[in-house]
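Only one structure is covered here, and it is reproduced in the block below.
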Amino acid sequence: MDIINMLDEKFKNIFKRHYENVFFSPGRVNLIGEHTDYNGGHVFPCALTIGTYGLVARRNDNKVLAYSLNFDNLGVIEFSLDDLKKCKKDDWANYVKGVIDTFNKHGHNIENGFEILFYGSIPNGSGLSSSASIEVLTGIILNDLFKLNINMVEIVKMCQEAENSFIGVNCGIMDQFSIGMGKKDCAILLDCSTLEYSYSKLNMTGYKIVIANTNKKRGLADSKYNERRSECEAALKELQKVKNINSLGELTEAEFEELKDIISDPVKLRRARHAVYENQRTLKAVVSLNNNDLKTFGKLMNESHISLRDDYEVTGIELDTLVSLALESKGVIGSRMTGAGFGGCTVSIVKEDYVDEFIESIKAKYTEKIGYEPSFYIVNIADGAKKIN
């Protein structure tokens, strides 16, 4: 618990008193099922042992004082519960504001302020959901602090709403759901249209999940994420003229092939094809994992990346370089981009004995080609967000 002692010292230095409670919210990695969540499809994410810590103490007034060790230079960000508007100078604390504002709108009134210290071990902008981790962390803190008695699925939904309506990023439910509902050593098969979910045990004996970060600067809100979403919505509208469906995730591959010529724009056709095929790939991948067939699972991961590169066009030279170098390496059974894309991370399944060699070799070759180093994390699968003292 050394990290908690370190954070306690920081809390005392900044707020001149002890914290009352400490919470942890994981990051997440999606093993397969990318850009399917807002298309009514399935995703297969898991929560990680890296994440965000939150130390908190209540106040008697209506002020919130927030400090992040990851944004030291911004100091303490102070705002009033009477003025929960998004503003640029409040930077990362807008995520906290957004969750409070959304709780209020749902009738869970937050009437007291608090002091909060955040520390995240998830690299910002890595695509491992540092923003959703902060949102869910804020949600469970509010739930505990004000004894609101809200179940985790409702917290998750409100956190997604905060990101959509307050922050302005049109994300699906996957990030917040996997962070709130994660389970140690399991991945979650989530149907994003119904929120039905089931856990699959990850039997990784002899293998490791290795995440490689491109370290490319990226911003989700101003990336092409919203553009992809509207392209899929436009394709869906055309398909709805001939078939009674609510989302692309309802179509099988065969149904899509039969109907695809209805989509007049070739770009929108490619976007829709990815959404349909990726959803089916995800379902096949879960079956293979449940049968302990890691080889097929890896093959489907590779196919997922190709589709994200060619049909969805969200990869870029950095992610493509990491994946192609991974697939040339010994002991790798699957590799793909994970997250929204446009930078961020890849996830690879690597034989344990080859992990060091994998990292050294890719680091050197990527740096030579791209001009700066990637970072690597060997991750374990964790429980969802929770109070830890």
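From the backbone N, Cα and C atoms, a Cβ is placed for every residue, glycine too.
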*asked:* Need one residue: from Y199, Y207, Y225, Y354, the one Swiss-Prot lists with E34, H35, T36, D37 for substrate.
replied: Y225
*For L128 (ATP binding site), which of these recorded positions sit within 10 Å, Cα to Cα: R28, H35, D175?*
R28, D175
*Secondary structure at E163 (Mg(2+) binding site) (DSSP, helix/strand/coil)?*
helix
*asked:* Could you state, as a whole number of Å, the largest distance between Cα atoms of any two of E34, H35, T36, D37, Y225, the listed substrate binders?
replied: 12
*Would you mind sorting out which of R28, H35, T36 (the recorded positions) have a C-alpha within 10 A of the one on S130 (ATP binding site)?*
R28
*asked:* Using the alpha carbons only, what distance in Å do you get between S68 (ATP binding site) and E34 (substrate binding site) once rounded?
replied: 30
*To the nearest whole angstrom, state the Cα distance for the pair E34 (substrate binding site) and S131 (ATP binding site).*
18
